[in-house]
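The carbamoyl phosphate binding site annotation in TrEMBL covers Arg51, Thr52, Arg101, His129, Gln132, Leu264, Pro265. Residues or ranges marked as L-aspartate binding site in TrEMBL: Lys80, Arg162, Arg225. According to TrEMBL, the domain 'Aspartate/ornithine carbamoyltransferase carbamoyl-P binding' annotation covers 2-141. Annotated domain 'Aspartate/ornithine carbamoyltransferase Asp/Orn-binding' per TrEMBL: 149-299, in sequence order.
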Amino acid sequence: MKHVIDSTDLTVEEIDGILKLAQDIIDDKEAYSEACKGKKLATLFFEPSTRTRLSFESAMMELGGNVLGFSSADSSSATKGESVGDTTRVVSCYADIIAMRHPKEGAPMRASMVSGVPIINAGDGGHNHPTQTLTDLLTILREKGRLDNFTIGLCGDLKFGRTVHSLIKALSRYENIKFILIAPKELRVPEYIISEVLEAKNIPYEEVESMEEVMSELDVLYMTRVQKERFFNEADYVRLKDTYILDGKKLKNAKSDLAILHPLPRVNEISVEIDDDPRACYFRQVMNGKFVRMALMLTLLKANGAKLNLSADKLAKIPE
Ligand code: NCD
């Protein structure tokens with residue numbers, strides 16, 4: 001049984017295949033519109049979400065399948081004390097594939113150990129968010145035309161931001177990427193990412209506190225919100241929440257083809273005046289998220305032996 005729990009559970013070749021498939025879906029949506037006829041996706045969301053849950057659901061609907069699930073722990077048997085393992089075992093009797101979000105790191109991994117159907121981690125605590133990473137990779141590929149040879153600045157809450165951890169791990173496998181980590185001291189990237197990923201692979205990186213100082217070097221700027229719900233005390237959150245606010249003035253020295261990404265939700269960290277700048281990619285990124293989840297679900301369903309309702313040439317486009 002194949003699951004996707006961590007952004008490196010897929011090989012670079014599998015990721016490239018999924019991104020290619022997503023682009024084929026974008027170009028030829030109609031051909032995929034019945035691919036998952038009779039299939040069901042369950043979304044088990046123990047933590048709030050707008051984009052991730054709705055994009056999964058919309059992705060399955062666009063493949064002709066159905067969706068069921070819950071959008072908060074309060075409306076599930078978790079409130080009665082049921083374990084993640086038991087909930088998963090039960091739901092895997094009802095659905096062909098499961099997307100799970102959970103505030104506890106490792107919960108989707110636990111679910112994958114007992115599930116009869118593929119589990120996709122839709123975000124676990126401050127740990128990992130592999131489908132956001134696929135979204136980010138597809139966005140960089142479509143905006144820049146490549147996934148190698150660039151400098152990326154990651155800015156904001158690099159400590160608690162799971163999208164950042166996943167993206168660094170995934171990008172560390174492509175050629176000639178330089179990371180500039182822009183964060184206040186309190187919100188720097190966790191030590192294990194530095195030592196086990198960046199230093200272990202000899203990848204160039206810099207840690208800085210000022211965004212302006214590095215702006216002119218960046219090809220991609222990945223903004224993130226300060227993760228209020230993962231702070232231990234309100235005073236620290238209030239002190240740090242507005243450390244970075246990207247506005248027109250800060251972009252003065254930026255490259256003309258900079259790609260500005262944000263996993264969203266945005267709080268204050270990007271001024272709305274930037275939204276109409278052609279370099280602002282975050283709403284296009286949202287759209288990419290739906291297509292890449294369609295591609296991922298097709299790939300996992302096929303890998304686990306499900307019969308898909310697709311023509312032979314489209315079936316052949318799904319990575320093995
Ligand atoms: C992110 C998440 O949930 O980690 N949102 C998302 O899935 N697009 C980012 C965030 O919440 O800040």
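Heads up, residue numbers simply count up from 1 along the chain you see.
Cβ coordinates are placed from backbone N, Cα and C, and glycine is handled just like the others.
Recorded features from TrEMBL, shown on the structure.
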residue: Arg51; record: carbamoyl phosphate binding site; Cβ contacts under 8 Å, 6 or more apart: Leu264, Pro265, Val286, Gly289
residue: Thr52; record: carbamoyl phosphate binding site; Cβ contacts under 8 Å, 6 or more apart: Phe45, Ala99, Arg101, Ala122, Gly123, His129, Thr131, Gln132, Gly289
residue: Lys80; record: L-aspartate binding site; Cβ contacts under 8 Å, 6 or more apart: none
residue: Arg162; record: L-aspartate binding site; Cβ contacts under 8 Å, 6 or more apart: Gly123, Asp124, Gly125, Gly126, His127, Asn128, His129, Gln132
residue: Arg225; record: L-aspartate binding site; Cβ contacts under 8 Å, 6 or more apart: Gly156, Asp157, Gly161, Pro265, Arg266, Val267, Glu269
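The maximal spread of the carbamoyl phosphate binding site, taken as the longest Cα to Cα distance among Arg51, Thr52, Arg101, His129, Gln132, Leu264, Pro265, is 16 Å. Cβ neighbours within 10 Å of Gln132 (carbamoyl phosphate binding site), excluding its own Cβ and spanning all shown chains: 25. Of all Cα pairs drawn from Lys80, Arg162, Arg225, which the record names as binding L-aspartate, the longest spans 33 Å.
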